[in-house]
Amino acid sequence: MGRQPCCDKLGVKKGPWTAEEDKKLISFILTNGQCCWRAVPKLAGLKRCGKSCRLRWTNYLRPDLKRGLLSDAEEKLVIDLHSRLGNRWSKIAARLPGRTDNEIKNHWNTHIKKKLLKMGIDPVTHEPLKKEANLSDQPTTESDQNKENGHQQVQVVPQSTNVTAAAATSTEFDNNSSFSSSASSSENSSCTTDESKLVFDNLSENDPLLSCLLEADTPLIDSPWEFPMSSTTTVEEPKSFDSIISNMTSWEDTFNWLSGYQEFGINDFGFDNCFNHVELDIFKTIDNVENRHG
């Protein structure tokens, strides 16, 4: 809820005060003193609100009120208070007896602010304006100098030198990359060859066939191969050719059953229905030729 209104707005007079209203308000306050401003209009016989009575007394009718412009001492005090309090005019007016906050604010905006600007002082921060101007000009001057230097460098350095420098850097980069790649590939190949040599050496030591194939001097064909034998194996003496032949049976004894079937022809096995006349004639001629030579 907001503040309650000081009076009923019905029947309240607005606008400038008359001389009769000023006399009634002055006589009431001088005889009764300052009291609740909401009750003053009814007690003094005025058709005004309490706020209007208070402002009229404070700003225009009180006896200690000073008229006219502020003195030099008052202006210095206002500047000092404004640097510490800012635009809190009511607090500044409390330090200046006989002066109202509205009067001090009007005097500040019309007179004191212009004096401070002429003196080169900022009326808001109360600091010299030259320092701020110098600080604001420094980055602009530095940027302008950098732009000018960069423009001069671009004009002095020709375009061909930039191209050649870029080409030189690119060729150096390519050479370095190719050298590093070749070095890495050679290292990898050397590592793989060393590993393969170790593997082949181990295999050749364990396997006589591989050791024979990997030898620089080829061995004679007639030289016997010596394979590793375990301790449990026994070496048999070589047998003579006559003993091998005597143990073998004759071909006739072994394949005696085959000679009995040599006399059969194709018709005996029932193949006459499987072949045509031409094929049968071929088989007959083959049999006749074999019988002749046999």
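Just so you know, glycine gets a Cβ as well, placed from its N, Cα and C.
Away from its own ends, the DNA-binding region (37-61) comes close to residues 5-7, 9, 11-13, 17, 21-22, 24-26, 28-29, 100, 102-103 of its chain (Cβ-Cβ under 8 Å, at least six residues beyond either end). Annotation comment: Swiss-Prot describes 37-61 (among others) as DNA-binding region.
Taken from Swiss-Prot, the feature DNA-binding region covers 89-112 (among others), and the record attributes it to sequence analysis. Using DSSP to sort the residues of the DNA-binding region (89-112) gives these counts of helix, strand and coil: 19 helix, 0 strand, 5 coil.
For the domain 'HTH myb-type 1' (9-61), the DSSP counts in helix, strand and coil order read 31 helix, 0 strand, 22 coil. Look at Swiss-Prot and you will find 9-61 tagged as domain 'HTH myb-type 1', backed by sequence analysis.
Look at Swiss-Prot and you will find 62-116 tagged as domain 'HTH myb-type 2'.
The region 'Disordered' feature in Swiss-Prot is assigned to 128-152 (among others).
The annotation region 'Disordered' is assigned in Swiss-Prot to 171-191 (among others).
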